[in-house]
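Taken straight from TrEMBL:
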TRANSMEM  12-38  transmembrane segment
BINDING   159, 160, 283  Mg(2+) binding site
């Protein structure tokens, strides 16, 4: 009860209470937000699990591509032209492979960022689940390699080599998964659906594929995309000499495998992989991780490491190599104006 002769204003009491609440909020808001942030930071993912999951996702996507192709169910339409002027195909395989791969990863780790080479508004594959079994050939990699979930970006390519898939050039077709941590490629998986071969690697941990025993730096064999081979022939020969062998192939994943010693098929042998124009990160991230795990390199044409965060575009071209002096190759390329610069 208020003292005799003093009357409390109801409005004043409300204002006083609101001021009190405001003061308490400002005192404790920082503590509360810090605790929420700390809880979020405790969300971690085990890198060996992510590697095994990535392999499983690539294989499941590959099964869809193989089924559609062998059952003659491929329906293709144009997504438009690439920056090289080639007609970019969209097939029924793209979509079904995407659903298998994307939802398997998101259902297992719903709080990590997953970027796909395919867009799909349908829910699809909601029940896709992984059994958390680590394959025997990954047991060599110790568990406990955990990273914060917010540092992880996964890039998936549900169909690398869509033009070749539509043309039934099966050897070029792959599915790929890459795990980047703070923008650096760490886990790479390249799966070939029609031979059921899978190459995988984790930087600093292990790989199931190896480099070849010998490479040539003085007269390198260069592999380039089928879509723009004619535009780069003169550029390459000016940089490395007229005797340079230039090979063409489809699919960025396949081209990385030509630098290595895969066991499933006969490959063109290349000493470097060159791409001079725009390319999307889901096409190159897995190969970048595998090369780095084996001591190789993938950079843009300025020699800069590619950051696998943010937007999907890599506008700086690609130079990939292993077993040779990457800086020497860059120097020769940079001494010549590329067709992109002319």
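Cβ atoms here come from the backbone N, Cα and C positions, even for glycine.
Since the structure is predicted, the reported quantities are computational estimates derived from the model, not experimental observations.
Features as recorded by TrEMBL, highlighted on the structure.
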residue: 159; record: Mg(2+) binding site; Cβ neighbours (10 Å): 31
residue: 160; record: Mg(2+) binding site; Cβ neighbours (10 Å): 26
residue: 283; record: Mg(2+) binding site; Cβ neighbours (10 Å): 24
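Those residues of the chain, other than 159, 160, 283, with a C-beta within 8 angstroms of the mean position of the Mg(2+) site C-beta atoms are 117, 157, 158, 161, 162, 174, 175, 176, 251, 252, 253, 282.
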